[in-house]
């Protein structure tokens, strides 16, 4: 982890429970990020927090640290039953829930607090078995949480801490009714520590905070610019016919260590995957159609470096923290300006630098003015020589539902650069 994004504030400076500090230091966490330095004094004083920070700024560890400290410092309610968790962390996607659970495990190992995971797609009985033995902190998506609650596998009457992560995305995905259903089954807001984190604190997110929290304090960490000053942005104007060849040429030129390619539809993602897999790249596909176990396996392979390129839709990739992403390619300019910020926020994280390359084709170039207005600057334009684009491309593979991760290639060096001046 780069230290350039850290503050002088140390976790040990706070009156944190000693086991929490021990767990953090075992993971090499000594200094706070800005959002952690702002949020922790409030949560340690028992104040509710609604936090906004750019992606990759340590929001997850801010609310996990607060949650573990609170549970260790406050007794559970009298006569708490085995099906009553003490803390509930809600996430918009199953991948994000799994990721939060993984980030919480080192804290759980030191403190002895038990974790549970609840998400749709698969693993129903496996997740239920863990819940039946009793958990302190339950992390999950709203649909599976409601399912378990309706069947009385969980009871929310003993909740002491609530976290809502990626609250803006909860709205985008239509989960607000589910969230309100869950809140109605908990003790009143004044009897809980409530935390909400979001990439944007829009009016609707603030309305939710007012409705479900107890006089929340708003904390914001604004970047120098919405897209992050460590991210180099670049824009090309390809024709529809040259777009795929330009992408593959750029990949050969840049030879990224770890890249994510975004497209606006799952069908476009599948097409990109097919071209890159046929050309021998180690590439994975992350869309809503990919089975849950494969999604988790592909994410793990990409995180470990067994895959070099991940092709993804916005919904599938939102909220995921994958370290050391060097490049983001916007094969399609997104229809939503905020999605542009979220996409390129996959790179340039935690003090590192990154490179974002966008292709403004005939189909999606109309999205560019709104994006540039939203981020507050023009994206630098680069030109390319159409005659220098790759032509020796194999026929794309057709996706088989058994393997959306492919390719042995990662030997040798990149080919000569093909851009015009």
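Note: Cβ is positioned from N, Cα and C throughout, glycine not excepted.
Copied from Swiss-Prot, the annotated features are:
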type     : residues                       : note
MOTIF    : 9-37                           : motif 'Q motif'
DOMAIN   : 40-219                         : domain 'Helicase ATP-binding'
BINDING  : 53, 54, 55, 56, 57, 58, 59, 60 : ATP binding site
MOTIF    : 165-168                        : motif 'DEAD box'
DOMAIN   : 245-390                        : domain 'Helicase C-terminal'
REGION   : 396-421                        : region 'Disordered'
COMPBIAS : 402-414                        : compositional bias 'Low complexity'
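For the motif 'Q motif' (9-37), DSSP puts the residue distribution at 16 helix, 2 strand, 11 coil. If you draw a 10 Å sphere around the CB of residue 57 (ATP binding site), it holds 25 other CB atoms from the protein chains shown. Residue 60 (ATP binding site) has a Cβ environment of 22 other Cβ atoms inside 10 Å.
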